[in-house]
Structure formats: structure tokens, C-alpha cells
Amino acid sequence: MTINLAPMQRENMTARIYREIKQKIMMGELRPGDTITLRSITDTLGVSQTPVREALLQLVSERALTLSPGKSVKVPELTVAQLQELRSIRLELECFAARRAVPHATPALIAELRGIHANLMASRDQQLMAPVLARNFDFHFALYSAAQMPHLLFIIENLWVQTASYLSYLYTPPFPVLPDGHPHEGIIAGLEAADTEAVVREIRRDIEGHGEFLIRYLTEHGLVK
């Protein structure tokens with residue numbers, strides 16, 4: 001698969017390539033099973049293979065990509081059991097991050113989250129997948145960043161990137177609608193009330209509800225084993 005990346009300066013080239021490919025995975029531009037070759041990236045960017053190889057191997061080490069025969073890597077194809085395992089780990093870590101974030105939830109953070117969610121819902125109303133994915137990421141990581149635990153944030157992001165390619169299926173119109181309103185609204189209300197348990201409960205409802213919808217969709221359409 002050919003990936004279009006913006007031209008770049010030589011400095012920090014490996015880091016830049018790494019970030020751009022990771023972003024494309026996170027935003028659902030690459031789907032499970034898609035192949036990325038060294039040549040497709042080097043030809044697009046006009047760079048040597050070394051920084052590209054380094055960036056791809058870093059993503060492989062984080063399980064965002066897997067090695068394929070020849071000079072290529074693939075977006076991982078996961079089983080139902082693997083998706084369920086990753087969801088279970090996310091539940092533990094993200095509920096913990098949310099719990100630690102609540103005491104640091106300033107009015108500015110709450111206003112930021114409200115604005116992000118408003119943008120998400122506007123994109124959802126227009127059935128626009130990419131902005132919905134981007135704003136969903138922004139919402140959760142703005143909240144988790146308030147926990148002031150950068151190592152935890154790094155681990156959570158790695159879990160997201162391992163399953164992010166499947167989210168393009170979750171947000172294929174018509175988008176899923178959970179009963180009892182969008183969890184983000186409950187999270188914001190919980191933060192305003194300084195109600196830690198309410199925030200954690202809504203994080204859990206978000207991950208479990210959308211996770212079940214995703215696995216059901218993938219199973220019904222033969223997209224996962």
C-alpha cells in the first residue's frame with residue numbers, strides 16, 4: 001500500500017516518519033492487513049531506507065505493525081480473543097488514569113473537553129469518520145494527561161495504536177449509539193461534580209460498550225476470527 005507523507009527535513013527524520021505512520025494507523029487510514037513497503041515510503045519522501053527502516057522497526061517493537069516476508073510490514077490482524085484481552089487491559093489502565101485525573105480537573109480542562117466533544121458530535125452528525133476518531137483520541141488523552149503520569153500515558157497510547165486500525169470499522173456510518181447518552185457527556189458531568197466514581201463508570205461504559213459493538217460488527221462481517 002502506498003502512503004502519502006509530507007516532505008520533510010533530514011533532521012529528526014526517523015522520528016517524523018514514525019509519528020506520521022503512527023498517526024495514519026491511529027486515524028484509521030490503514031486497516032488490518034494493509035502492507036507497507038520500504039520502497040513506497042522512500043520513493044514518496046525521497047529519503048534513504050535507513051530512517052524509514054528504523055521508524056518501521058520501532059512501530060513493530062510497539063506491536064503497531066508486524067513484520068512480513070520481504071522488505072515490508074503489515075498492520076496487525078487480531079483475533080477476537082486478542083481484541084478482548086487488549087480491551088480488558090485498557091479498562092484497568094484507563095479507569096486508573098481517569099481516577100488519578102479527577103483531582104486535577106480544572107475549569108480549563110473541563111471547558112477543553114466540552115469543546116472537543118462538541119466538535120466530535122458535529123463531525124458525527126455529518127458522518128465524518130476521520131474527525132470523529134481524531135476528536136475521540138483528543139478527548140481521552142486530554143483527560144488522561146491530567147493524571148500527570150507520562151509513563152502511564154505512553155502505555156495507554158501503545159494499547160490504542162494496537163487496535164486503532166479496527167476503529168475505522170466501528171465508525172463506519174451509521175455510527176454506533178450507546179443507550180443512556182454518550183459517555184463523554186457523563187465524564188464531563190462527573191468532572192464538574194468532582195465525582196470520581198461517576199467519571200470512572202463512564203470510562204468503563206465507553207470502553208465496554210463500544211468494544212462490544214466493534215467485536216459484534218467484526219464478527220458479523222467476517223472481519224475477525
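Note that Cβ sites are derived from N, Cα and C of the backbone, with glycine treated the same way.
Restricting the average to the domain 'HTH gntR-type' (11-78) gives a pLDDT of 88. Taken from TrEMBL, the feature domain 'HTH gntR-type' covers 11-78.
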**Asked** So how many of the residues in the domain 'HTH gntR-type' (11-78) end up helix, strand or coil by DSSP?
**Response** 35 helix, 9 strand, 24 coil
